[in-house]
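Q: I grabbed these lines from TrEMBL:
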{"type": "DOMAIN", "residues": "107-317", "note": "domain 'ABC transmembrane type-1'"}
{"type": "TRANSMEM", "residues": "6-30", "note": "transmembrane segment"}
{"type": "TRANSMEM", "residues": "42-67", "note": "transmembrane segment"}
{"type": "TRANSMEM", "residues": "111-133", "note": "transmembrane segment"}
{"type": "TRANSMEM", "residues": "140-161", "note": "transmembrane segment"}
{"type": "TRANSMEM", "residues": "191-211", "note": "transmembrane segment"}
{"type": "TRANSMEM", "residues": "242-264", "note": "transmembrane segment"}
{"type": "TRANSMEM", "residues": "301-319", "note": "transmembrane segment"}
Amino acid sequence: MGTRILQAAAAFIGLGIFILVMLAVAYIAFSWGRVRRWRQAAVFLAPGIIGTAVLVGFPLLFSIYLAGTNLSMRRVLDHSFSLAHYVENFRWLMFEARAAQGFPAAMARTAVWALFQLGLGFGTGLLLALALVQPLRLRALFKFLLLLPWAMPGIILILSLGTEFHYEFGFVNNLLNNLMGIRIRWNQDRFWNLISMHMVGLYLAIPYYTLVIEGALRGMQPSYLEAAELDGAGPFRRLRSITLPIISPVLWPPVLFSLLGLFSTFDLPYLMAAQGNELISVVILELALRSGQYARSAMAGWLFSLVMGCMLLGLIRFGRVLPKEIIE
């Protein structure tokens with residue numbers, strides 16, 4: 001018990017030293033700034049930087065330490081730290097874990113999920129946005145219906161939509177039974193469970209893509225499309241050669257953040273995924289809370305962070321080659 005108290009005290013002392021260092025950095029930036037507004041900016045930014053470092057940096061550093069231990073539910077008091085534990089935890093996640101808990105399989109499922117959601121959601125949102133920029137009747141009502149999913153808390157909405165796929169009482173199965181005389185086991189069959197997850201995910205995501213793309217379309221100058229139409233370009237040619245190149249730099253940041261959010265999404269797969277369809281976020285949680293393998297859960301989290309970091313750098317590099325100004 002005394003050892004545990006000393007370790008906790010050391011952790012708090014380390015956190016205090018870290019906070020003092022951040023305060024010292026903020027003070028130096030305030031005192032040595034050559035331009036007054038730099039010093040003022042440092043003062044205003046210092047609380048946010050310190051708060052972020054404490055709330056985000058300290059847990060990240062602790063998870064690095066945790067990934068190098070053998071801490072589990074059975075080894076709470078007698079766990080140890082060593083470089084060999086890093087290798088062992090990595091090897092277990094990559095090669096020895098069962099299929100549902102294995103890191104490669106979970107990342108593959110998550111990648112397929114994210115790419116499918118992004119592609120279909122963006123495509124559907126583009127079609128709806130192209131329709132909304134036209135002078136249609138009841139356009140305000142249609143926008144209201146698009147925003148309706150955002151008026152409810154996400155968890156409540158997912159739970160409500162999930163009950164519609166109930167085998168016996170759900171609306172979807174009752175509709176299929178009345179039309180074709182069939183019922184689908186949405187919650188038991190892995191394939192149909194994945195289909196139901198995609199349906200709910202698209203219902204939640206399409207309004208976002210629609211409104212973002214509509215805003216980009218309304219920022220275009222109509223003269224570009226009018227000139228292309230006078231030259232004889234059809235609707236598809238105008239979309240491919242004029243519209244998409246112009247709005248792509250505007251849409252790239254929201255699409256990038258949306259893709260990152262799809263990889264790390266938690267509420268939808270946690271509430272709806274059947275066994276074998278869990279995404280990486282749910283797998284990490286199950287390792288920690290259900291299996292009690294805290295060190296392996298921390299290692300899985302850091303592997304996921306490394307993969308996401310590499311992907312983010314690649315996407316940012318790809319985004320730099322997009323034209324910033326298509327037409328002067």
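Using the three backbone atoms N, Cα and C, a Cβ is placed for every residue, glycine included.
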Q: Given the cut-off of 8 Å on Cβ pairs that are 6 or more apart in sequence, determine whether the transmembrane segment (191-211) and the transmembrane segment (111-133) share at least 3 such pairs.
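A: Contact confirmed: at least 3 Cβ pairs fall under 8 Å.
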Q: Do any residues, 6 or more residues outside the transmembrane segment (242-264), come within under 8 Å Cβ-to-Cβ of it, and if so which ones?
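A: Sequence-remote neighbours of the transmembrane segment (242-264) are 110-111, 113-114, 117-118, 122, 205, 208-209, 212-213, 216-217, 219-220, 224-225, 228, 233, 280-281, 308, 311-312, 315-316, 319, 322-324, 326-327.
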